[in-house]
Every structure is written in C-alpha cells, then in structure tokens.
C-alpha cells in the first residue's frame, strides 16, 4: 500500500539490490538508539532517486514524456533534458546517395538505428544485436530464462480438510435477475408486434433462372409491342448428317480453300464427313465452344426493339445567315506590296487610309501608298522593327516604331504639308523642365542627319521593346518590354515627354497591351489571362480567363464591350465584357498558331492571321440590345502568303474606311484583300 501513495518508481532490480548482500559481506548489526531510524530517513531524503535506478528502458536525457513526437515536427528541437534545456535535432542533410556511400564504407551501418526520442544515430552493441535476433526467431529475450522448467502446482493432489477459499456465494447466483427478465419481456413484446422476425433458414440451392422463360405471349415481356423473342438455333441440314449425300462432300480443292479462309468468312463452321455407321462417329471437337457461343447469344441478345431516331445531320448545325447576306467583306487579293527582303513583322495604316507603314527584319521601315502599292519612302533604322503604330489622331502625322531597346518617333512627311509642319511645330514647342525627374526611359532628340531621314525623337529603354500602341487621342503610347518584373509595361506622354511605370508588381510575362477606345482602361494580356486596369482609380477592374496555353495577340472592339484574343494553340477567343469573365465563344478555324487579330473600325468584321498562311475574316455583329448575344459567322478564308521558316501571316490590319484588309507575311510581302 505504501507504493501507491506517491513514492518514486523503482525497478525490481533496484529494490532487490538494496536488500541483497554480496557473498563475502557480513550483515552489520544496527546500533540501537533513538537516533537510528531518524538518521536513516534523512539519508533516504538526501539520496538522489535516479542514483540507484538501473532501468535502461528510456533515455533520461529526453524528458518530454509519453507524447506524440509528431508535435515537434515543426520545431528545431525534439524535447528537453533534465535541466530544462532544448535537445536540438541533429542536422540531417544526407540524401540517398550519401546513405548508400555510408552503407558501403561503414562496416557498422547495418547495426546503426535512429533514436526517435533524441533523433540521433545509435550503434547497437553485440548484446543488443543478439537480443534482436532472438526476438526475431521467436525466442525469449532473457538468455538465462528456461521456458521448460518443471511446473509447481498451486493446488496439491491431497484432499485437504479446509477449502482454499471460504467466500460465501453471491445473491445473484440463486435469485433470478430482474434486468434480464425485463430484457426478455421486451424481446417477447417485439416478437409479438412483428418488430423482430425470426431468422429463416437459408435455401442452399443456387438461384439460377432462365432469361427466356417467359416466352408466353400473355406474359408481361411477351405483351410488349417491341418484344424480341429468344434466338433459336437453325435446324440441322443434310451437311450435318453422318452419311451426307455425295454432292455435300467437299473435294480436295474445296477443303484447301476452306482451310485458308477466315473463320468469319466460312459458310459452314465444319467440314461434312461421311461415316459408315453412327457408332464410328467420333466426339465433336467444337461442342464446348458452340455451347458457349449459344449461351452468349442468349445472354447478349436484345430483348426489346427500340426505334432509332433518324436525325438529319443538317438539323444539328446552327442556323446561320449566308455569307452573301453579310457583305461587304474582303473576298480576293487585290495588290501585293513587294520590297522587303526579309519577313515583315508588323504594319499599320494611317488614319485617313491613304498610306501604309511596314517594319521588317531587314532593318528598314517602308511607307507605301495604299492605292498603287508604290513604296514612297524607305527609312533604314539599323535593326529589326518588331512593332509599328501610326498615330490615330488625324491632326498629327507621326509613326512610332519599336526597334531593339528604343521607340522611334518618325514624321513620314507624306500627304498634307501643313499637317507635316504642324506636327514638327508641336514637337519643337516642348520646353524641358528646370529640374529633370527620374524616369524609366530617356527621351533623346534626333540629330540633324536623322531629322532629314524623318526621325524626330528616340525613347531609349533598358530592355528590348516588343510592342508599341497608341491611345485613341494620340498623346499617350504604351510599350511592352521583354524583361521580367513590374517594369514590363511603360506609358509615355508625348506632349510632356514623360514616362511612367503604372504597375508595382508583375503578374507573369506580358505579351501585349491595348487601350480601351472610350474608357480609361488598359488591357494587359499575359500568357494565361487578360487583366483590365482602371487608369484613373489605379485598380484592377476585371480578370479574363481565355483558357489558352499562350495568348499571342489582343484586339478591342470599337464599341469597347467585346475583345478577341489569339493564342499559339490555334484558338480565337471572343469575350463579352458585360456577360462574363469566361469566353463567350472559342473559334478553332486555324490549324496552326495565331499571330495577329484585328477589328474593323466601322464594319462588323474581325480577322485573324495564322502560321498556316491564311487569313480568316469573320462577321461579328454586336447588338445594342443587351439581351441579344453577338452574332459570329466566319465568311471568308483568304490565302496568298507562302510559308517561310514554318511562319505564315505575322500581322493583319483593316483599312479604316473600306472593307479591306492588309496582311504581312514571312515571305517578305504585304497583301491587300478587297
């Protein structure tokens, strides 16, 4: 009883060790006196309780207790020692290759285990290895334990006078239980009420049934109008007789021909043979196979005839208007603009529709007259022109071209001389501020020699420029840089010659940008999404998910409520901004990657150019009624470009006033379709 009142736990070995004496030691007599027991008690209080504890079952360095060690997975330590200090986990940076090298080099690797309490590697001694091996063989852990010692009976075989136990019998052994009586009464009442039903003996016979047993016409299956009866075997003919007529016996040629045929092509699945008597007929070799096929016929045969719905495939196609009712749209090739010696990456049409500008990989920028396909001027820029944009303001005669890491602003000096002069006056009227501000781009004036070539300003950036586009009013232009980070998109103001980076962080690699035609929105297309930002509020308005692998191009409808996106996985996606952030329609007309998409400024037309060398023109009518969805109808496939380096059409642009479309290709030509 004393051990249950809070005395420290001691192992049996330690308890026995206190009273066991060595053979060569004599028991010392105790001194009698009043101070003897008190001195022994004081010694027991000052003695350390772990001093004589010989138990090695637990490592006393870690006193975390019997708690799940998974609690320490997110901590650098695995427990606490006796002083309350943390026991840190050992650094384990070894991979499988290091473990394999240790296994090859360390001869004691096979006896090294990990201690889960401390997380350290322990080397098992020979005694511990022998203990593990004995336990694996199903033997006792103690080597000196003999499981076959003679048993000592607790009860002797002699008849004793007094019983071993004289405990009186319980009351429940001779008085019926009231609780059991209540349970039995409840079960009897449930059986009478039918709540508990006795178990019925199971029928050992298998439950097989015939699928075609109900062949009676009065049966439910037989009364069905479209009931199909069970297929019946064909009656045997003369060929199946054991003594058929001579005309049914095959010749040697017919036998060889039958052997060479496929089993499904044979008229008979056996060869007729003649036997002198029925006793000489051998066993049929295909009996089991034919019985199996007969079972399959009965099992898989339809039991009800269903009328097949005859649908005209033409009725499944949506009713679309005929293309001839949707004219005008470009139908044939009218002019070819030749002059570039390398692929033409970009093109742009003047606001009046009289001039055309194109940029190529041959390091030149050419200006064409639309009506005659005559090259009016060639500007050598000394690099690849990746993007070009004509200022949409008809009062300004200016072209922005992206070349390497700079944006070139050129005055083409075509058309009205007053307009050309007013544009130069507008650029020369700028006065630089007294204190220059830090900008992400540098504005440089053109030299006198460059001004004669048409160059007016040069905007230098730190990274290559991939796209340039103008705002509808012609004062702002946005550029896209091929650099990771938040400075991929920059906005330049022409009148004040200022540059700014509108974003603080990046949401992926930007492919192209576009200004909204009527609202202060900026559309930024990354690889997997299109984000619409409000420039005045400086916030994200909407995020569109095209469900494409890689967005390549972007165009905004002149009304501003619909946009189209082209992708490198041959998809053209139409978005209705008032409807949803998911695509309204996905068009898969092209066979290869889309390079450019464009809307017509006046007519309900949009087009896409692809690497398959074709330009597909579609009719896209947008209604003022919000309840009526846009009507999208492909009307014409225009072909003319030849594939070069697996590239086809690189850019498309509509004429601002006429239903014409321009396309530039990798074959170095520009084609006008009217």
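Just so you know, glycine gets a Cβ as well, placed from its N, Cα and C.
TrEMBL does not curate its annotations; it predicts them automatically.
The feature region 'Disordered' is assigned by TrEMBL to 1-59.
What TrEMBL records for 38-48 is compositional bias 'Basic and acidic residues'.
Residues or ranges marked as compositional bias 'Acidic residues' in TrEMBL: 49-59.
The domain 'BOP1 N-terminal' annotation in TrEMBL covers 72-330.
Residues or ranges marked as repeat 'WD' by TrEMBL: 337-378 (among others). Same-chain residues lying 6 or more positions outside the repeat 'WD' (337-378) and placing a CB less than 8 Å from one of its CB atoms are 384-394, 399, 401, 403, 410, 412-415, 454, 644-645, 647, 650-651, 653-658, 662, 664-672.
Here TrEMBL flags 587-617 (among others) as repeat 'WD'. Among residues of the same chain six or more beyond the repeat 'WD' (587-617), those with a C-beta under 8 A of the stretch's C-beta atoms are 328-330, 552-558, 564-574, 632, 634-643, 646-654, 656-657, 659, 661, 663, 665, 673.
According to TrEMBL, the repeat 'WD' annotation covers 649-674 (among others). Under 8 Å from some Cβ of the repeat 'WD' (649-674) lie the Cβ atoms of residues 328-338, 340-353, 356, 358, 360, 368, 370, 373, 595-603, 605, 607-611, 613-615, 617, 638, 640-643, all in the same chain and six or more residues away from its ends.
Here the repeat 'WD' (649-674) is broken down by DSSP into helix, strand and coil counts: 0 helix, 16 strand, 10 coil.
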